[in-house]
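Okay, structure first, notes after.
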Amino acid sequence: MAFCNKLSGILRQGVSQSSNGPVTSMLGSLRYMSSKLFVGGLSWGTDDSSLKQAFTSFGEVTEATVIADRETGRSRGFGFVSFSCEDSANNAIKEMDGKELNGRQIRVNLATERSSAPRSSFGGGGGYGGGGGGGY
């Protein structure tokens, strides 16, 4: 994370010499992503509250969310935990990655931003013969 701090300092120097818009939002994204964790391997019984409780000993948890299937409402087995500072997030990774939570071994690492490729709600995507298919 020292890299992020150094990058932040370099970018701030550039900000003082140019407009704040894009660089400021980029700094915010870097800071946000460096304190947001992906938590995989969650049991079906883990909810937002129990996920947050499992991570509060490492620092102030600003958000804890278990991702659910849109149609069934059932947990998809992963979630995200956000901390107010990146040191807390780093400590949580060190201490919780590979540990057991609600009977399942979990994986904990820094969250990465989703790719910006648009997602189609009409299926598609290949299969035999290529062409994608699906949709209207």
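The chain as shown is numbered from 1 upward.
Glycine residues also receive a Cβ, built from the backbone N, Cα and C atoms like all the rest.
Fair warning: this is a prediction, and the values are worked out from it, not measured in the lab.
As recorded in Swiss-Prot, the features of this protein are as follows:
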type	residues	note
TRANSIT	1-33	transit peptide
DOMAIN	35-113	domain 'RRM'
MOD_RES	Ser43	phosphoserine
REGION	113-136	region 'Disordered'
COMPBIAS	122-136	compositional bias 'Gly residues'
REGION	123-135	region 'Glycine-rich (GR) required for cell-to-cell movement'
DSSP-derived helix, strand and coil totals, residue by residue, for the domain 'RRM' (35-113): 22 helix, 30 strand, 27 coil
Mean of pLDDT values spanning the region 'Glycine-rich (GR) required for cell-to-cell movement' (123-135): 48
